[in-house]
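Data first, discussion second: the structure below is written as structure tokens.
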Amino acid sequence: MGKTPLKGGGRVDNAGDTAFDRRNKALAPYDKALQRKPDDAAAWAGKAAVYLRHRMYSDSLKAFEKALEIEPSNPAYLYEKGFVLLQLNRDEDALQAFDRLLEIKPNSDKTWNLRTSVLCRLGQHKKALAASEKALATNPKFAGAWNAKGSVLVDLGEYEAALIAYDAALKINPDLSRAWEGKGFALFRLDRHVEALIAYDAALKINPDNAKIWVGKGLVHLKLGKYKKALGPCSQAILIKPDFAEAWYCKGMALSGLEKDEEALGALDRALRIKPDYAEARKARNSLSSKLGFDLDEEEEDEREEKKPEVRRSVWTRKEPTSEIMKKTRGQGREQRGEGPKKSEWTRREPKGEETEKSWGRGTEQRGERTEKSVWTRREPEREETEKKVGRGREKKK
């Protein structure tokens, strides 16, 4: 029996448990341990890991802080606290947690790598580059750190140097999809379009469910004027992530190139509903509106403002959690149930955010590739509705 909807919210699995039930079952042993011993730091940390797995970041942070009250210099708890703060977009606080951890463990390559991410998000790219060098000095075979360095260099506009870093990452780990994605973007910026498509295809072979990679491929086709070929990748990105403004923009530009102006207008309008400050989409939409002979009146603009959904960007997009304590607690849980290893179904949200999409470095998260899904899944505007709007606009012009 597969998963079926549960009235009142949640989903049921094969055993009939909802996500709420599974969370409470996972919390139960830690709550029991804390009843016996309220100052059990490991129990607080275990509880925090459960909340983290269920994306209850505020609760997770409180539990990690409880653990740190008991063991203030525990490096694992400091690392996880910083990680959760990133999920909450509290970048300055996350940086403080990582700095404190580096005082205790100055040779922690993973901490230096996360510090790189935070500094990028704060726009401190030169400091981020120095942090990535520290991570690589500690562990030259750390593919994630090479990828992080490449992302920083992309942000600095040093695309040739970024390619060297991405190639170093891929030499260590050829299956690192985010490095292929970063390489594709750098090649795109260098107008090496055929090579960019090869890199994006390599990334998609590894991670076909990453909407950002599909959009990257679509944008290359747009740059080459291959609008029909661009439409496919952009539409695929929308299927994966319906609230991805860049995907709607890509689709809108492809439709415009195919002279399907009214459909293009609908796609660009959707991009702006998701991301109202999207300058490129607004410019393209205004240009297309003028071409069609109408503009949105003030009433329609006010309606747009009222209907704006609040959308936060992803920080993490990796399917496997990078949180070390989560990996351990999940493994222990499977052992207790007599289960073998299982591929993670938990997908982080950039925050991640990759927030990024320049959450840091153009959305290529060296921490991992995460995505947080939006509940906003309204269908694409019907052609008939668009035609009615066009008609109203023309009547007003007359």
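Heads up, the Cβ atoms here are built off N, Cα and C, so glycines get one too.
Taken from TrEMBL as is:
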type	residues	note
REPEAT	41-74	repeat 'TPR'
REPEAT	75-108	repeat 'TPR'
REPEAT	143-176	repeat 'TPR'
REPEAT	177-210	repeat 'TPR'
REPEAT	211-244	repeat 'TPR'
REPEAT	245-278	repeat 'TPR'
REGION	295-398	region 'Disordered'
COMPBIAS	295-304	compositional bias 'Acidic residues'
COMPBIAS	305-398	compositional bias 'Basic and acidic residues'
Fill in the blank from the handout: DSSP composition of the repeat 'TPR' (211-244), residue counts helix/strand/coil, works out to 27 helix, 0 strand, 7 coil
Practice task
Please list, for the repeat 'TPR' (177-210), how many residues fall into helix, strand and coil according to DSSP.
Solution key: 27 helix, 0 strand, 7 coil
Exercise for the section: With DSSP as the yardstick, break the repeat 'TPR' (75-108) down into helix, strand and coil residue counts. Expected result: 27 helix, 0 strand, 7 coil
Practice task
For the repeat 'TPR' (245-278), jot down how many residues DSSP puts in helix, in strand and in coil.
Solution key: 27 helix, 0 strand, 7 coil
Completion exercise
Residue counts for the repeat 'TPR' (143-176) under DSSP, helix then strand then coil, are 27 helix, 0 strand, 7 coil
Exercise for the section: Could you please provide the mean pLDDT value for the repeat 'TPR' (75-108)? Expected result: 96
Completion exercise
Reduced to three DSSP states, the repeat 'TPR' (41-74) has 27 helix, 0 strand, 7 coil
